[in-house]
Every structure is written in C-alpha cells, then in structure tokens.
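Per Swiss-Prot, these features apply:
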type: SITE; residues: ARG28; note: site 'Transition state stabilizer'
type: BINDING; residues: GLU34, HIS35, THR36, ASP37, TYR223; note: substrate binding site
type: BINDING; residues: GLY124, ALA125, GLY126, LEU127, SER128, SER129, SER130; note: ATP binding site
type: BINDING; residues: SER130, GLU162; note: Mg(2+) binding site
type: ACT_SITE; residues: ASP174; note: active site, proton acceptor
Amino acid sequence: MSLKEKTQSLFANAFGYPATHTIQAPGRVNLIGEHTDYNDGFVLPCAIDYQTVISCAPRDDRKVRVMAADYENQLDEFSLDTPIIAHENYQWANYVRGVVKHLQLRNNSFGGVDMVISGNVPQGAGLSSSASLEVAVGTVLQQLYHLPLDGAQIALNGQEAENQFVGCNCGIMDQLISALGKKDHALLIDCRSLGTKAVSMPKGVAVVIINSNFKRTLVGSEYNTRREQCETGARFFQQPALRDVTIEEFNAVAHELDPIVAKRVRHILTENARTVEAASALEQGDLKRMGELMAESHASMRDDFEITVPQIDTLVEIVKAVIGDKGGVRMTGGGFGGCIVALIPEELVPAVQQAVAEQYEAKTGIKETFYVCKPSQGAGQC
C-alpha cells in the first residue's frame with residue numbers, strides 16, 4: 001500500500017469523512033557542501049524518492065487535529081485561537097505545532113485542518129525527515145487555504161519552526177531542497193540569497209545512500225559547537241559570515257587563529273569552493289572530477305571539521321575501493337554517524353552493495369542499510 005493510500009484510508013477511519021488533498025514533501029541527500037549552509041555558503045543537494053505524505057482536509061472551525069500513523073496513530077489536537085505551546089509528550093507533534101505557529105506569526109490567515117501523516121524517510125539518518133515534515137505541513141496549509149507563499153517562504157517558515165520552536169539550529173538547505181527539488185536534477189543553492197540553480201544529473205548514474213546505522217543525534221550535539229566555532233571565525237575576520245572570507249585572507253592570518261577554529265574555517269572555505277566547482281562538473285557529466293571533489297570534501301570533514309566517525313570512514317573506503325575514479329563517495333549530513341552518499345554508474349551498484357555487505361558488518365559489528373535513490377520532485381500534491 002502506498003503512503004497516499006495508507007494516509008487516505010486512516011484519515012477516513014479516524015475522522016469519518018474522506019480527505020480532500022494529499023501532499024508530499026521529500027527527504028534529501030546533500031551531494032556536497034557540508035555545514036556551509038549556516039555560513040551563508042553553497043550546497044548541492046537533491047530531493048530523494050522517500051517522503052512525508054499527509055492526507056488532509058480543511059475544517060470549518062479553528063481546531064487542528066493531527067494523527068501520526070508512524071507513532072501508533074497518536075493524535076494531537078490544538079486550537080488556532082490559543083497560544084500554541086510545545087507538546088509535553090509527543091516530539092513529532094512539535095514539528096507540526098511549530099510550523100503552524102510560525103505561519104501564524106507571519107500573518108497568514110487560515111482555519112482548522114485535519115491531517116494524517118506518514119513517511120518513509122529514515123529517521124536519525126541525516127536525510128532530513130524533520131525538514132520533510134515541516135515542508136509538508138506548510139504546503140498543506142498553503143494549498144488548503146491558498147496562502148500567498150512560495151516554496152522558499154514555506155522552507156524558511158519550517159526552518160524558523162525548527163530553530164525557535166523545536167530548538168535545533170539547522171540551516172536552510174534541508175527545507176529548501178524539500179520545497180524546491182526538481183526531478184532528475186540536483187540544486188545548487190546559495191544559502192545567503194536563497195537563489196537556486198537546477199543542475200542536471202548525468203544519465204545512468206545512481207544516487208546511493210548507505211546508512212552506517214551508527215546512531216547519531218543532532219539536537220544539543222556537537223553540531224551547535226561547530227556552528228559557534230564558525231561564528232567565532234567570522235568575527236575574527238570581522239565579517240558577517242565565513243562566506244565573505246577568501247582562502248587567501250585566511251592563509252595570511254591562519255596562524256593567529258585558535259588552531260581548532262582555524263581548522264573549522266579552512267573546511268568551510270574550501271568546501272564552498274568545491275561545491276561551486278562540483279555543480280559544473282556534474283552538469284558537464286564529469287564524474288571523475290566530481291569524485292575527486294567528493295573525496296576532498298570527505299577528507300576535510302574528517303581532518304578539519306572532525307565530524308566523521310570510524311564507521312563512516314570505513315564505509316567510504318569500502319565503496320571507494322570498488323568505484324575507483326568512476327564515481328564519488330563521501331559522508332553526508334550533520335556528521336557523527338548517519339549516512340554516506342555515493343554517485344555510482346548504475347552497472348557498478350551491485351558490486352558496491354556486495355562489497356559493503358561482505359565487509360562493513362565484519363569490520364564494525366553494525367549492519368548497514370542500502371538505498372538506491374532517484375533525484376525527485378519537491379513538495380506538492382500527490
């Protein structure tokens with residue numbers, strides 16, 4: 001049963017009438033450009049064919065009812081007429097409440113809604129299940145009540161909800177690619193202007209995501225420390241963000257910086273340059289150059305930004321040994337576990353899957369999860 005059929009059926013059972021709309025918003029994988037988003041830099045993600053799906057209908061009162069199919073059909077209910085506060089027990093509900101509250105704060109006028117939510121974006125894997133949920137909820141209200149919001153505004157609203165209501169300092173990339181993704185393309189995003197450029201993906205190349213299944217948490221983790229270190233670096237250069245610092249400026253005074261901060265800054269500056277170059281390599285179908293840039297990105301995350309773990313490095317090495325210079329592989333996401341992403345010619349996928357199955361668990365004691373994805377369309381009706 002598809003997520004659409006599942007949520008429509010649950011909706012009718014739970015609420016006693018049929019849903020009027022079904023909305024989807026995809027998860028994402030970032031091909032290159034890690035931790036650059038909150039430094040006003042560049043990222044190159046693509047939306048993937050794993051998504052959050054919401055069957056919904058408008059109500060004629062001011063009540064919001066939300067059922068989470070993936071959490072034993074837990075039900076959250078709140079009113080649009082009283083201040084929206086955090087749910088004491090259901091963390092999933094806070095993503096919904098946060099999005100609704102921030103849409104209100106943006107002076108959008110809308111009525112009540114019934115929703116049933118289900119998704120297949122793996123959670124805790126760094127594939128943006130939370131951003132996909134935020135964008136899906138924002139798109140539901142935009143569609144049901146014809147709100148004057150474009151994809152970028154729905155994305156910004158989701159980011160605000162996660163930063164201020166849920167309490168995680170995420171950048172804008174995850175929500176933006178979920179809202180604006182384009183089938184068969186990656187999206188080069190300028191995280192300062194929010195300008196996007198669709199970059200066509202080479203034919204015959206699979207986007208493979210392998211979850212290390214080494215558990216990670218983002219809220220309250222090292223993520224926020226890295227962000228502070230980057231802000232310290234920007235202050236040292238008296239710039240609003242590291243986006244405004246050149247490699248030459250950095251090299252001239254790197255020795256004056258705290259050594260740890262210097263490493264963090266170097267990662268961001270070199271990663272930005274790699275990301276812009278990667279977009280052209282991808283567009284030209286130059287998988288060899290793309291692979292080199294992904295390898296440099298991984299080394300920089302491992303040695304300068306220090307966000308990889310041995311399990312992730314092992315996975316990258318196993319894949320690299322199979323694909324050589326025919327594709328690319330690196331850690332993706334916030335770090336400290338999660339997933340690696342690989343761009344691999346389709347004919348090499350079985351060999352990669354076999355090598356990983358034979359070696360990863362033997363070396364780490366953890367069984368991986370293997371996903372072959374297609375670059376997919378952003379949020380909308382399904």
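Even glycines carry a Cβ here, placed using N, Cα and C.
Neighbour density at the Cβ, taken as the number of other Cβ atoms within 10 Å, is lowest among the binding-site residues ALA125, LEU127 for ALA125. Counting in whole angstrom, the residue listed as 'active site, proton acceptor' lies 9 from SER130 (ATP binding site) by their C-alpha atoms. Binding of substrate is attributed in the record to GLU34, HIS35, THR36, ASP37, TYR223, and the widest Cα separation among these residues amounts to 13 Å. Cα-Cα distance from ALA125 (ATP binding site) to ARG28 (site 'Transition state stabilizer'): 11 Å (rounded to the nearest whole number). Looking only at other Cβ atoms within 10 Å, the busiest spot among the binding-site residues GLU34, ASP37 turns out to be GLU34. Neighbours of the ATP site: apart from GLY124, ALA125, GLY126, LEU127, SER128, SER129, SER130, residues of the same chain with C-beta atoms within 8 angstroms of the site's C-beta centroid are GLY27, VAL121, PRO122, GLN123, GLY333, GLY338. When Cβ neighbours within 10 Å are tallied across all protein chains shown, the highest count among the binding-site residues GLY124, GLY126 belongs to GLY126. In this structure, SER129 is the one among the binding-site residues THR36, SER128, SER129, SER130 with the smallest number of other Cβ atoms inside 10 Å of its Cβ. Proximity note: of the listed recorded positions (ARG28, GLU34, TYR223), none has a CA within 10 Å of the CA of SER130 (ATP binding site).
When each of the recorded positions ARG28, HIS35 is scored by how many other Cβ atoms sit within 10 Å of its Cβ, HIS35 comes out lowest. The shortest Cα-Cα distance from SER128 (ATP binding site) to any of the recorded positions (ARG28, HIS35, ASP37) is found for ARG28. The recorded positions close to GLY126 (ATP binding site), defined as a CA atom within 10 A of its CA, are ARG28 out of ARG28, GLU34, THR36, ASP37, GLU162, TYR223. Fewest other C-beta atoms within 10 Å: among the recorded positions GLU162, ASP174, that description fits GLU162.
Apart from the site residues GLU34, HIS35, THR36, ASP37, TYR223, the chain places the Cβ of GLY33, TYR38, ASN39, VAL43, GLY171, MET173, ARG226, ILE268, GLY334 no farther than 8 Å from the centroid of the site's Cβ atoms, the recorded substrate location.
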